[in-house]
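The next block holds one structure in the form of structure tokens; read it before the comments.
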Amino acid sequence: MQEIENLHQSVLLQEVLQAFTPLEEGVLIDCTLGLGGHSKALLSQKPHLKLIGIDKDKFAQEIAKERLKAFEGRYNLLSGGFAKRFKEALETHNKEIKGVLVDLGVSSLQLDDDDRGFNFHSHALDMRMDLKSDLNAQKVINSYPVIALEKIFRDYGEIKEYKKIAHKIAERRTKKPFKDAKDLSEFLSSFSKNKKIHPATLVFQAVRIEVNSELEELKEFLQCARNLKGAILCVISFHSLEDGLVKNAFKDYAKNCICDPLSFKCACSNNHALGEILTKKPITPSPEEIKNNRRSRSAKMRVFKFKP
């Protein structure tokens, strides 16, 4: 277990604890439990807090369960997509929920596991968070029509040369289908000129988002979260697409006026804000954290406090 503690470092851990300082009791929902690092720290710090942990990765959940053993009776772990499970928990525990945490990152355990296909050297081409899901990265790369590849590279990877990359992949797979992540990564590196990041980074991001329906799930969650009352919502994102959705949702939550933007005069009484944004700018990792954990460098945390 100590090996897991050393392997996976929870991103922005102290900042998360700070965000939930007002919480003393009630229920906190960790929508993306992962290996349970944030949850363990929160349960340790707050003896009267109860936890609902959600994750679609069964293997990660087993590890989290072992790490949370000391808090038996104070937590309940649920399997599945966090948007659906959060909605169910909200319907059952609405008044008790005092905090909600969403960490949208991929864990180090998943990234480093060569059987999962998340890293550039993996001997699998999978990328599924839920191993029961039918769609995997191999199906996307080897079977999607060129126009579909173009769309996900453009929309989910924000890749400038999305057409070129999609066509090159399609051309190569007709001769020899891609067998694993290493094969795909080396192929992308053979013609990409991107010197700032690894040539495969944005393609892998786009495919992972597609395989796991990540943005759709986040949108569904943010819509459902509007129904929270008196709770603190903390979301950690890792790329601009996620952060943009969270930023805009929080702005929408905080709007007092819900009149048509084209209206000349407010007719809604101008008091419809669901709460307030507690982070005018996103919280980012300290230089020290980035030095100790390079994978934290793109993390951004936003916090919203809902009215009772």
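Including glycine, each Cβ sits where the backbone N, Cα and C put it.
Source: prediction; values computed, not measured.
Neighbour density for D55 (S-adenosyl-L-methionine binding site): within 10 A of its CB lie 27 other CB atoms from the protein chains shown. D55 (S-adenosyl-L-methionine binding site) falls within a strand when secondary structure is assigned with DSSP. As annotated by Swiss-Prot, S-adenosyl-L-methionine binding site applies to G36, G37, H38, D55, F86, D103, Q110, with the evidence given as sequence analysis.
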*Starting from the Cβ of G36 (S-adenosyl-L-methionine binding site), draw a 10 Å sphere and report how many other Cβ atoms land inside it.*
27
